């Protein structure tokens with residue numbers, strides 16, 4: 001008893017509003033990225049022929065560093081988030097009392113809901129040179145004046161969002177592992193660590209990869225964290241795009257960077273997620 | 001006894017990671033709260049030596065933040081209402097749809113979650129200027145509707161998974177008109193998903209910086225953009241006082257989310273849930 005008329009009419013409002021808001025800007029970006037840039041002008045030259053010059057310039061070695069920094073620091077933050085987020089999710093699902101579970105889940109969602117700007121401000125006041133945890137960088141063997149401190153701050157800033165994000169995603173994964181498998185291993189004399197690694201962790205691999213991809217997509221597209229705590233030493237591709245808009249006013253180059261960044265983000269997200277889902281489909285069932 | 005030793009080692013690493021997680025998340029929040037009561041007029045070493053409410057008085061007297069707050073509330077309210085209506089309808093429509101390409105359409109409508117906000121912000125700025133829209137307010141609303149819509153659509157779709165379409169069809173076979181069956185059967189059952197989505201949408205819009213930075217202008221700027229500008233200009237403790245207000249507001253929203261939709265609805269209990 002399908003009512004195609006009613007169904008279609010419910011979809012129309014979203015299609016009419018969202019599709020132009022999504023594709024309009026992307027097409028304008030694509031068009032702008034193909035226009036030649038004339039020094040001193042904000043927008044590209046509309047009269048000349050379209051060119052791929054803006055993309056060719058991005059292939060230069062001076063841009064490679066920004067891309068590499070973005071991907072490397074994003075990866076470090078994601079791996080750390082998974083390392084710390086997995087035990088948290090495991091604790092919530094397997095060990096926490098119902099009240100503890102509620103408090104922890106509320107705190108995880110609360111952390112994500114608290115304004116990112118406020119959290120980054122709090123981190124810079126805590127780990128900054130006058131903060132109570134200023135010695136944390138020395139603990140890791142980083143001199144307080146070296147550029148690596150900026151990198152550490154960016155990692156801590158990204159971690160603050162990726163940890164709860166990853167933990168909330170992993171709660172779903174661990175919840176769907178039958179606890180009797182762990183009980184069986186323990187009752188057969190397996191040590192706790194071995195049960196954890198060979199059963200719980202092993203069965204979570206697809207979930208861990210999915211959570212990692214979601215966290216990584218957040219990290220590499222971030223603008224605010226490097227802007228506020230990167231001290232100019234750490235700049236992500238997002239920051240370059242923002243500079244093209246706010247300081248250099250080279251819109252064609254900013255548009256080309258945007259298109260490249262979008263393709264990479266979509267590729268990582270849908271491509272890798274699809275790969276994980278198809279590779280592990282049998283194992284997950 | 002290596003088994004016991006290995007397990008003890010495993011246990012300590014497990015709890016060390018757990019403690020690090022809580023420490024990294026909670027300590028900065030506590031530090032910001034303590035600093036907001038600092039009586040010194042400069043940023044000195046932690047902890048403060050005396051306490052006062054001077055930073056609260058300072059930001060309460062600052063018109064700049066009020067202006068940002070007013071813009072933020074207006075933009076977020078409009079974006080939330082628009083996204084909730086559009087997102088809930090789209091999820092209902094997709095749920096009942098049987099046409100080919102349904103999955104693709106769903107992925108496209110959810111894609112603002114994956115496309116970096118900077119790209120969307122920059123794109124909307126140029127798109128709006130080509131349409132002749134140069135005011136901050138309409139641009140901000142365009143951007144915020146786009147980034148909040150997927151949240152409502154996703155949570156509504158998730159809540160519809162549990163609702164058997166047979167309820168809706170039973171109502172139809174009993175003679176209800178389709179729109180009435182939808183309004184009185186499906187919509188109330190999907191309520192928690194729609195409410196949770198609306199709350200997510202409001203929070204996302206209110207906290208957004210990535211696209212608002214591009215779409216704000218000299219007279220229309222959101223509160224986070226105002227704070228960001230202030231942070232880059234001079235780092236004083238007014239922002240710590242503001243942070244405390246944000247923390248209180250977040251706690252309020254979490255309580256609201258729990259009461260209206262249930263926190264477990266946002267996370268789920270899983271197949272083997274206790």
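The backbone N, Cα and C atoms fix where each Cβ goes, and this holds for glycine too.
In TrEMBL this protein carries:
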- A:67-272: domain 'ABC transmembrane type-1' (DOMAIN)
- A:12-30: transmembrane segment (TRANSMEM)
- A:71-93: transmembrane segment (TRANSMEM)
- A:105-130: transmembrane segment (TRANSMEM)
- A:150-174: transmembrane segment (TRANSMEM)
- A:255-276: transmembrane segment (TRANSMEM)
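Between the transmembrane segment (A:255-276) and the transmembrane segment (A:12-30) there are at least 3 Cβ pairs closer than 8 Å, counting only pairs 6 or more residues apart in sequence, which means the two stretches are in contact. Within its own chain, the transmembrane segment (A:12-30) is flanked in space by residues 255, 258-259, 262, which lie at least six positions past its ends and keep a Cβ under 8 Å from the stretch. A Cβ distance under 8 Å defines the sequence-distant neighbours of the transmembrane segment (A:71-93), meaning residues of its chain 6+ beyond its ends; these are 100-101, 104-105, 108, 151, 154-155, 158-159, 162-171, 173-175, 196, 200-201, 204, 208, 211-212, 215-216, 219-220, 234, 236.
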